[in-house]
Ligand SMILES: NC(=O)C1=CN([C@@H]2O[C@H](COP(=O)(O)OP(=O)(O)OC[C@H]3O[C@@H](n4cnc5c(N)ncnc54)[C@H](O)[C@@H]3O)[C@@H](O)[C@H]2O)C=CC1
Ligand SMILES: N[C@@H](CC=O)C(=O)O
Ligand code: NA
């Protein structure tokens, strides 16, 4: 058999330790599939003292000198599972420029400065693979990057954050509020000690940027993504959704469309939205992820599985390790980044959405007409109106009546302006819930 391919592993936390374990457990199969054995050249960690006795590797492989490990002449492949922007960016740019293949799970870095990595990969003639960065174990980026390159993708809609999906699923199942559901997610080990990146939508926004870049052959960064998290989603919102035969999910939506001047562009957004129970994403519960891709010739495609967790994520990392190692042995590299389309990213105000608005109103003549007039002034067409008498569900608001309005599709800016004007209307006592609605029209 050919001489071993040598791996530098950067980081040995949740994902890194599982990568190391699987490399050991699967070593014979991996060698057979690649055509050469894999050897760990070193594992960069922050502190050497930690007890990692359960990991099947020689203790002398651990080092705190990540830079030295990356630069080492006898490293072929760098596996980065540390996360964050720096020092990861510096390590990976150096490795790629030196012609080393890189496998990374670092969605934050790819969304913040994917260009630096792709450019370095092109400069060094090296492979850059990152299947684990979006939707963990689910094979999704390779299909977008390879299998669907003969097709034209129009839209990608996904649940790409496991923590928030767990929280929203728990709120839906038990009627719990956000804080209570977050506590449960933390107890079960889904949410991290600082859950900000998950619950405020930063993690999903980074993944949305990566998905949009691949789907539309355009560089889309985290800053291009409209982002809203789930911290404002209330038990009343969940009840409103249920009453409409819907559920609430944190969605990542990347869609082609025309901008205000009619030029082709894309919109990329992450926000909570109501989706009908019959929508393919509605039944994705617990901490699972799913991504729905709509392509012109292929039609709808659905990808589903575990988007997080050490072993699940390590599966995607190892799949990439096998791919880059095979390429090295064959003396080839995967096609470079495809960003030729260079489409503009539309502002959120131009995204076409639908709103569900629940208003506490006075139950007297003329109120419905006044409310409808506000929608008309902003050129927003109403799809359905439901009036719930005070005391009926949703209960306990002390209003005379609750008006539940669902709109047809309109630019987000027009919908937001409608809600703002409704807030100032005399007949409207308060706005109980505003949520976007996706699917089903
Ligand atoms: N945990 C998960 O379910 C998933 C994680 N990812 C990504 O995988 C990457 C790793 O995530 P986790 O393993 O969950 O994080 P983690 O926090 O468990 O592990 C990161 C490790 O890197 C170490 N580290 C930090 N700075 C270092 C340095 N300068 N040198 C060497 N080691 C250093 C930390 O001590 C820690 O052990 C991140 O980019 C994350 O976004 C992607 C998909 C799912
Ligand atoms: N925190 C993320 C982990 C994977 O990317 C999630 O909850 O999905
Ligand atoms: Na994946």
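Placed from the backbone N, Cα and C atoms, the Cβ positions cover glycine too.
Straight from TrEMBL, the features:
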type	residues	note
ACT_SITE	207	active site, proton donor
BINDING	10, 11, 12, 13, 14, 15, 16, 17	NADP(+) binding site
BINDING	107	NADPH binding site
BINDING	192	L-homoserine binding site
DOMAIN	356-436	domain 'ACT'
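In this structure, the C-alpha atom of residue 15 (NADP(+) binding site) lies 14 angstrom from that of residue 107 (NADPH binding site). Summarising the environment of residue 12 (NADP(+) binding site), the number of other Cβ atoms within 10 Å of its Cβ, over all protein chains shown, is 23. The DSSP breakdown of the domain 'ACT' (356-436) into helical (H, G, I), extended (E, B) and coil residues amounts to 23 helix, 32 strand, 26 coil. The Cα atom of residue 14 (NADP(+) binding site) lies nearest to that of 192, taking the recorded positions 107, 192, 207 as the candidates. In this structure, of the binding-site residues 14, 17, the smallest number of CB atoms within 10 A of the CB marks 14. Listed in sequence order, the residues 9, 18, 19, 20, 81, 82 complete the 8 Å Cβ shell around the NADP(+) site centroid, once 10, 11, 12, 13, 14, 15, 16, 17 themselves are left out. Comparing C-alpha positions, residue 11 (NADP(+) binding site) sits nearest to 107 among the recorded positions 107, 192, 207.
For the residue listed as 'NADPH binding site', the count of additional Cβ atoms within 10 Å of its Cβ stands at 27 [all protein chains shown]. Candidate recorded positions: 13, 17, 192, 207. Those with a Cβ under 6 Å from ligand 1, in sequence order, are 13.
By neighbour count, meaning other C-beta atoms within 10 Å, the densest spot among the binding-site residues 11, 13 is 11.
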